[in-house]
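Enquirer: Per TrEMBL, the features are:
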- 20-43: transmembrane segment (TRANSMEM)
- 90-515: domain 'Major facilitator superfamily (MFS) profile' (DOMAIN)
- 173-191: transmembrane segment (TRANSMEM)
- 197-219: transmembrane segment (TRANSMEM)
- 231-255: transmembrane segment (TRANSMEM)
- 261-279: transmembrane segment (TRANSMEM)
- 343-361: transmembrane segment (TRANSMEM)
- 373-395: transmembrane segment (TRANSMEM)
- 407-428: transmembrane segment (TRANSMEM)
- 463-483: transmembrane segment (TRANSMEM)
- 489-510: transmembrane segment (TRANSMEM)
- 535-557: region 'Disordered' (REGION)
- 541-557: compositional bias 'Basic and acidic residues' (COMPBIAS)
């Protein structure tokens with residue numbers, strides 16, 4: 001036995017141990033879908049207009065006509081201004097003299113002023129959001145996209161730090177520590193007295209959320225066998241993430257105050273504490289650290305749960321190989337050290353960045369679509385479920401590289417077609433947007449699992465975390481893609497569609513990992529085109545048998 005797959009083949013693919021790890025890790029992902037998208041409702045901007053103080057003695061006619069009409073940016077319709085009112089001193093004078101607006105007074109000649117007394121917000125959809133609570137509108141509307149960007153800055157930081165911590169201290173401890181950080185700081189966020197404190201707490205929540213997701217993803221990828229790993233990394237975690245995403249609009253519909261909505265999110269975090277005693281550490285990672293006895297103890301416990309008798313010796317030959325890798329003290333710099341791994345890393349960073357821009361921009365845009373915001377968000381979440389199922393099918397039976405390229409390219413085309421739809425065909429435009437979201441979500445699911453397959457055990461968590469970190473540049477600027485709607489409705493779709501389609505073409509340069517074993521060391525990695533400094537890793541006879549069985553006899557948990 002010369003690698004981990006051979007050493008643990010006796011456990012089987014889908015015993016009680018694998019089932020427990022699969023479902024508990026997937027279950028830990030549910031709050032990520034709920035919390036990660038909650039900003040759609042927490043920071044939505046309700047309809048608003050300048051406040052006319054109740055104690056100002058105006059006639060009903062002048063109170064109703066105190067707000068000037070303006071053309072909407074995307075249509076010719078006249079709507080009340082959100083940021084201006086007729087000068088209150090003049091309006092009061094006209095009212096006292098008994099003059100009628102539009103009859104005795106030409107409103108186009110009445111001077112205007114800003115909302116000096118604040119704003120009044122429509123509460124038909126929300127009791128309160130952070131926008132209505134801290135008046136993040138008009139001159140302060142730039143704070144709205146900045147709120148999401150600061151959250152994604154926390155996600156970027158978490159991607160950078162947690163990956164290295166996970167490779168150094170273990171997947172399990174980082175998983176549970178970051179779940180605790182996510183829960184505790186969301187609870188503190190509920191009591192934020194100001195927008196500044198809300199953003200500071202939101203930064204830390206983002207840090208914990210992505211760290212939890214990546215740690216759970218890598219932990220499952222390393223523990224589960226080849227066939228179940230494919231299901232877990234493409235359909236498993238993503239479907240449970242989508243389930244959390246689908247629950248968000250349902251909870252938000254019944255809890256319309258942003259503080260109570262966040263408080264409800266924290267309750268889920270406390271329910272995950274008992275999982276510490278049921279989710280094991282990654283034996284692969286323990287081996288990479290030279291902790292053979294601990295790795296064997298976990299595998300023997302797995303054999304006991306699966307009612308299988310383990311062999312007397314499990315890891316000794318493999319451990320020597322991994323010890324050599326361990327002495328090199330791998331870190332993030334190894335992702336750029338050699339020509340081969342450097343080109344793979346740079347290409348993946350660009351692809352991750354693009355798919356993240358498209359995914360989060362489309363997700364955050366649901367509140368701006370025509371119709372009910374809760375239904376649109378639910379529809380956006382539902383669209384992801386068949387996308388995750390498709391990603392599993394593609395990942396199981398098709399080339400990783402071609403699947404990623406095709407879904408990205410088609411997603412880009414759908415978004416580019418939106419600008420060609422006439423303004424009166426609103427539902428056709430929404431359909432194209434959802435088709436784009438479907439394709440981008442499929443690509444997002446594939447790229448996570450594809451990345452985990454390309455990198456070896458000794459730097460896998462660092463690599464996935466770093467790719468996630470690089471992609472956060474895209475998530476940071478994604479809110480500003482939506483902000484461009486104020487200048488042109490088509491501009492966000494043109495930009496997103498173009499870069500997504502180009503990214504699909506770029507992904508064709510990546511090496512293929514379909515049918516190849518999960519690499520344990522850097523020397524096992526596949527070649528980037530033009531980088532031929534090493535011999536490709538050849539599957540063992542046992543791995544070839546496993547792959548043949550996987551293609552002929554699907555295993556569906």
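Numbering starts at 1 and runs along the chain as it is shown here.
Positions of Cβ are set from backbone N, Cα and C atoms, glycine also.
Looking at the shown structure, can you explain where the listed features end up?
Expert: Nonlocal intrachain contacts for the transmembrane segment (20-43), taken as residues 6+ away from its ends with a CB within less than 8 angstroms of a stretch CB, comprise 126, 129-131, 136, 144, 147-148, 151, 175, 179, 182, 186, 205, 209, 212-213, 216, 219-220, 223-224, 228, 231-232, 236-237, 239-249, 251-252, 258, 261-262, 265, 268-269, 272, 275, 278-280, 305, 363-364, 366-367, 373, 377, 381, 557.
Panel annotation: around the transmembrane segment (197-219), residues 25, 28-29, 32, 35-36, 130, 146-147, 150-155, 157-159, 161-163, 166, 171-172, 174-175, 178-183, 185-186, 188-189, 233, 237, 241, 279, 281-282, 448, 452, 460-461, 464-465, 468, 472 of the same chain, lying at least six beyond its termini, place a Cβ under 8 Å from a Cβ of the stretch.
Counting residues 6+ beyond its ends, the transmembrane segment (343-361) has Cβ neighbours under 8 Å at 152, 335-336, 404, 408, 411-412, 415, 436-437, 440-441, 443-444, 447, 451, 454, 463, 466-468, 470-475, 477-479, 481-482, 492, 496, 499-500, 502-503, 506-507, 509-511, 525, 528, 530-531 in the same chain.
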Enquirer: Please work out the mean pLDDT for the residues of the domain 'Major facilitator superfamily (MFS) profile' (90-515).
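Expert: Reported value for the domain 'Major facilitator superfamily (MFS) profile' (90-515) is a mean pLDDT of 82.
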Enquirer: Under an 8 Å Cβ to Cβ limit, what residues of the same chain, 6 or more beyond the ends of the transmembrane segment (231-255), are close to it?
Expert: 22, 25-27, 29-38, 40-41, 213, 216-217, 220-221, 224, 261, 264, 374-375, 377-378, 380-382, 384-385, 388-389, 391-392, 394-396, 445-446, 448-449, 452, 555-557
Enquirer: Does the structure show the transmembrane segment (489-510) and the transmembrane segment (373-395) touching, where I'm treating 3 or more Cβ pairs under 8 angstroms (sequence separation 6 or more) as a contact?
Expert: no
